[in-house]
Amino acid sequence: MSEEKNTAKPLMVTLKNPDGMEVTVMEYGAIITSIKVPVGDKKVECVLGFDTYEEYRADAYLADCPYLGAVIGRNAGRIKNGKVYIGGEAVQLSQNLGEHQIHGGVEGFDKKLWKLIDLTEGMNPSAEFEYISPDGEEGYPGNVTVRVRYTLTIDNCLRVDYEGQSDKPTILNLTQHTYFNLSEDDSDILKHRLQIHSSYYMPLAEDSFTPTGEILPVKGTPFDYTRPKAIYEDTDRSYPAQTSDSVYMANVVNAEKSIRMLVRTNYPVLHIYAGYYLPNFTPEGRKTIGKNRGLCFEAQFPADATKHSDFPSVELSVGALYKYFTEFRFVF
């Protein structure tokens, strides 16, 4: 495990396990900047990203920010008209996507400087980050303390644990926005084979791209991944969990069949995004960033949940503990 210190920059930490897997995370945005696994005599980069903090702060990147590797908050996904309901009362949030809000607002958790509060070595190294979101930030009520711990296990699993508490009733819906690309070369993800253990998906309204409130069968749609298949380029849908948190909800394998990743979570929804609108970047020494170059597994609550009584609640009461996890297990 290594730590890069610079008083002018956020800390970056690399977790390493005995099998040679490496995960690098950063205080800025609690971003996963790199995941490398050994295949033969080489290390394969499995995520899209940059090697330096400055690249994540560049004007060209921020102008069309794709949230590479970041923790999203306070709310993942889109909120129609930037309006939520807390305790039955309407609350107007900031609007950063036309009249709507996406991924927490103008400066969501992905653009905040988190604090590294714990670094644990050993066979299962981990790094824990904390961010305190002040009352009223992006329109959300309550001072909210959020912690995210990344643990790299001895059996090649990256576990992400989320915790949060508020001093006022609010909403909280965190996720991780890493774009995975398991290819051994610099190709896109369309030849990866994806399986999702859900027979239903949540359709989106054409005007706002927020959930309609329906839950429909995937059968007969391009979003049917009940059996492993190549990835449909415009996949951008949420799948409700049909299993307990002890069962993996999705798995994906690269075209070479040399790296497989399995996803497990106790969140009620897994949102899959195939990077159709990813902007183009060519970071030195890293995989190309662009259309269909990465695949997101965003475990979360349904987007815009406060407008749909049948959806799981995203409201967080005073003193209650928000506690969820997602695991990304690699087989290579």
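Heads up, residue numbers simply count up from 1 along the chain you see.
Here the Cβ of each residue, glycine as well, is placed from N, Cα and C on the backbone.
Annotation source TrEMBL lists active site, proton donor at HIS177. Residues annotated as active site, proton acceptor in TrEMBL: GLU298. Residues or ranges marked as beta-D-galactose binding site by TrEMBL: HIS177, THR178, TYR179, ASP245.
Feature annotations (TrEMBL) mapped to structure.
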| residue | record | Cβ contacts under 8 Å, 6 or more apart |
| --- | --- | --- |
| HIS177 | active site, proton donor | TYR67, LEU68, GLY69, ALA70, VAL71, ILE72, HIS103, ASP110, CYS296, GLU298 |
| THR178 | beta-D-galactose binding site | ILE32, ILE35, VAL47, LEU48, LEU68, GLY69, CYS296, PHE297 |
| TYR179 | beta-D-galactose binding site | VAL47, LEU48, GLY49, PRO66, LEU68, GLY69, GLY275, LEU278, ILE289, ARG293, GLY294, LEU295, CYS296 |
Three-state secondary structure of GLU298 (active site, proton acceptor) from DSSP? strand
